[in-house]
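Colleague: Quick one: the structure is below, and I'll ask about it shortly.
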Amino acid sequence: MAAVTAAAVSTSAAAAVTKASPSPAHCFLPCPPRTRAAHQRGLLLRAQVSTTDAAAVAAAPAKKEKISKKHDEGVVTNKYRPKEPYVGKCLLNTKITADDAPGETWHMVFSTEGEIPYREGQSIGVIADGVDKNGKPHKLRLYSIASSALGDFGDSKTVSLCVKRLVYTNDQGEIVKGVCSNFLCDLKPGSDVKITGPVGKEMLMPKDPNANIIMLATGTGIAPFRSFLWKMFFEKYDDYKFNGLAWLFLGVPTSSSLLYKEEFDKMKAKAPENFRVDYAVSREQTNAQGEKMYIQTRMAEYKEELWELLKKDHTYVYMCGLKGMEKGIDDIMVSLAAKDGIDWADYKKQLKKGEQWNVEVY
């Protein structure tokens, strides 16, 4: 499950203070008396310097304010913090993977009564009930929001998550359960849940309704893209109608692990010209060379088409999920860029600067 991380940076004010040199008015060394002519020359010199400075300021170009390409106007962050979280109610909690899937993933809906004004692409924090081994409250865990800003019920009063239950065996052979993921997956309707946020601006949707949006997800990294796609294809707005191309690549281990497939099938039937989806099922599929079908393997089948899209200034790439996917995708892009004499590392920096390459991996 991808999550937006936040870091607070503290800077010492003292480090920014520079000791000022004493002005001539405060100099106590004896100075020879100045003549009237010298005084006038001093005034003239100061006047010339002032005029030159003013001209330089006037000639300096005004700093251009950066205008974001994303829906960032009025975005709210950190309305609720760990010390004073919002307490919502679990309304729905459903397992969305088959019984034979390697691991459980749950879709859950919490009431917010409109008090958490999030946008598509943001995250919320959840604080599990109870205390840790030191007797302190559990730390929050961040989860990407899986619903549009209107919520699954369409009334802007709920928020949804897509959570995989974390269970693993450590080096000592002990079974370890992730505190927050198990707390969430075990929630019953009517239970309280402590929520913080919303947080994050990296994964906000583009403003342009004609944009090409390429979404790359593994597992529960699908969450923010479900929020995008609901807004694009399941909802109606007076000021937004998606007319571009939304292309989703989703990587999972087995077909029983595919998340929200029925929803995506409906979207594809509704808008075949605007929505494409390709799955990579690593334990069941292989490419022509017999290699396991990971997300980057599936993308390689369309690499020329993807590269041509990526060269357009209205194409945006969003990546969410396991960190390991990033290198495989970079490897594809390196060879494609090289054919055009482009250094991929430099080009990716330009894309990031232009908000066209957006990554949230863990």
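For all residues, glycine too, the Cβ spot is worked out from N, Cα and C.
Pasting the feature list from Swiss-Prot:
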- Arg141, Leu142, Tyr143, Ser144, Cys162, Val163, Lys164, Tyr168, Val179, Cys180, Ser181, Thr220: FAD binding site (BINDING)
- Ser144, Lys164, Thr220, Val252, Pro253, Ser282, Arg283, Lys292, Gly321, Leu322, Glu360: NADP(+) binding site (BINDING)
- Cys180-Cys185: disulfide bond (DISULFID)
- 83-205: domain 'FAD-binding FR-type' (DOMAIN)
- Ser181: phosphoserine (MOD_RES)
- 1-62: transit peptide (TRANSIT)
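Thinking about packing and proximity, how do these listed features fit into the structure?
Modeller: For the recorded site, Arg283 (NADP(+) binding site), the DSSP three-state label reads coil.
Annotation note: Cys180 (disulfide bond) sits in a helical segment as assigned by DSSP. Taking the Cβ of Cys180 (disulfide bond) as reference, residues of its chain lying under 8 Å away and at least six apart in sequence are, in sequence order, Val126, Ile127, Ala128, His138, Leu140, Arg141.
The residues of the domain 'FAD-binding FR-type' (83-205), classed with DSSP into helix (H, G, I), strand (E, B) and coil, number 7 helix, 51 strand, 65 coil.
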Colleague: List the Cα distance (Å, whole number) between Cys162 (FAD binding site) and Thr220 (NADP(+) binding site).
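Modeller: Their Cα atoms are separated by 6 Å.
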Colleague: Given the NADP(+) binding site residues Ser144, Lys164, Thr220, Val252, Pro253, Ser282, Arg283, Lys292, Gly321, Leu322, Glu360 in the record, what is the largest Cα to Cα distance, rounded to whole Å?
Modeller: 28
Colleague: Pop the Cα-Cα gap between Gly321 (NADP(+) binding site) and Cys185 (disulfide bond) into the table, whole Å please.
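Modeller: Per the Cα atoms, Cys185 (disulfide bond) and Gly321 (NADP(+) binding site) stand 19 Å apart.
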Colleague: Between the Cα atoms of Lys164 (FAD binding site) and Thr220 (NADP(+) binding site), what distance do you get, rounded to the nearest Å?
Modeller: 7
